[in-house]
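Visitor: Quick one: structure below, then a few questions.
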Amino acid sequence: MDIGTAILIIGFAALVAAFLLLVIGLVYSELMNSDIPRGVANRWKLHMVHGLFVGIAIVGRILHRLGVCHQISFLRRFVACFLTRLNPVPAGLRVKDMKFSDVPVRVYEPTTVCDGLRRGLVYFPGGGWVLGNIDSVDEVCRHIAKETNTTVVSVGYRLAPEHRYPAPLDDCEAATCHFLSVAEAEFSVDPRRVAVGGDSTGANLAAALCQRLARREIGHLLFPCAQVLIYPALQMADFNLPSYQQNHAVPILFRGRMAFYFLQYLNGDMSLCQDVLEGIHVPNELKPRYEEWLSPSNLPAGFLARGYDKHPTPEYNGQVYHAMKDGLEHEVSPLLAEDADIQKTPPTFILTCEYDVLRDEGYLYRKRLLDMEKDVTWHHVAGGFHGMINFFNQGWLGFPSAVQVLDCVVDYIKKL
């Protein structure tokens, strides 16, 4: 080996070592800034999963800054290759990929004998509007379809930042309306017993879709019979609710990360992130109404037990508001809809988790629905954290609490 080759090898090894040291240092820093309370179920496993996710996110961030690829594209590829396990289709279930009005969907049909027409569920995957897809909720949809004898349609809506609001919601509407129109003729499903649902931002899309359809009052199509909302994201007016304060550093959804997702969905301007977290985007004339709907006094006493400090009223900034004003509309923040829109919503299932920044808005949406005398079923997972069901039946990544969540969902759907 000549000296030139040796120098190249040593130089390359030094670069690799420097890169690894940088990643390790950043991972350590991120882990030190996270907080997994003792009440979280399977804390040790969540520590491991969080460390893995942080490492991958940091590598993606570095590659993004080097111009190699977008960090979100890197995360999507990693999750698809290493954190999504597609098992063989179980007996008693038929699974096929299709398109409804040009929107990719995956249909899960039970093959067992059914007296009459089946019920249906149109499911929207979560993932911050940037990561979720049909594969990421494959095990969840299989389980629901088989355990409830329900035809489930999982919707592969377009993702941000390539396709921002309202594209994902438009896709969900197109796929849902298509299914409702052909449910009986092509799938032996009763269109009067078709619910919509999702987890996290997928639940946001489900709630927003129900309000959109109710506003349009499309006479020739039936309305979803229920909405199934699993730890839903429902508002971007207040990032200082008790659950945001208590769980701001609890994996896998941090307070700042939720603002990041909303902004990716809306306009991609990450310079607004801190402004949104502070709340300076909310106009003064809307604050009294939002404070009434989002008041911590509407929460159970137990939700305040881990501490809460009232956030000072921020000074309104009109420039920030106009940059992301769609975020306060009901199609992005269903919790902030007018009473008339809330009144038209179908029966609702809401599941919240104690160690989740989105905990409070799920409960506050429940209260708004109850105030309108709507039918609401609420379940709260005391040891739960955001994103649990994404690990359902994923081998060593699985969490028992994810089974608890899906058991609640299955029980509710069986009654539709």
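Each residue, glycine too, has its Cβ placed from N, Cα and C.
Below are the features I grabbed from TrEMBL:
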TRANSMEM  6-28  transmembrane segment
TRANSMEM  49-67  transmembrane segment
DOMAIN    121-268  domain 'Alpha/beta hydrolase fold-3'
ACT_SITE  S200  active site
DOMAIN    320-389  domain 'Alpha/beta hydrolase fold-3'
ACT_SITE  D356  active site
ACT_SITE  H386  active site
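What does the local environment look like for each feature on the list?
Guide: Computed over the domain 'Alpha/beta hydrolase fold-3' (121-268), the whole-number mean pLDDT of the model equals 95.
S200 (active site) carries neither a helix nor a strand DSSP state and counts as coil. Counted within 10 Å of its Cβ, the other Cβ atoms near S200 (active site) come to 28, all protein chains included.
Using a 10 Å radius centred on the Cβ of D356 (active site) and all shown protein chains, the other Cβ atoms total 25.
There are 25 other Cβ atoms within 10 Å of the Cβ belonging to H386 (active site).
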Visitor: Tell me the Cα distance separating H386 (active site) from S200 (active site), rounded to the nearest angstrom.
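Guide: About 8 Å separate the Cα atoms of these two residues.
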Visitor: Determine, to the nearest whole angstrom, how far the Cα atom of H386 (active site) is from the Cα atom of D356 (active site).
Guide: 5
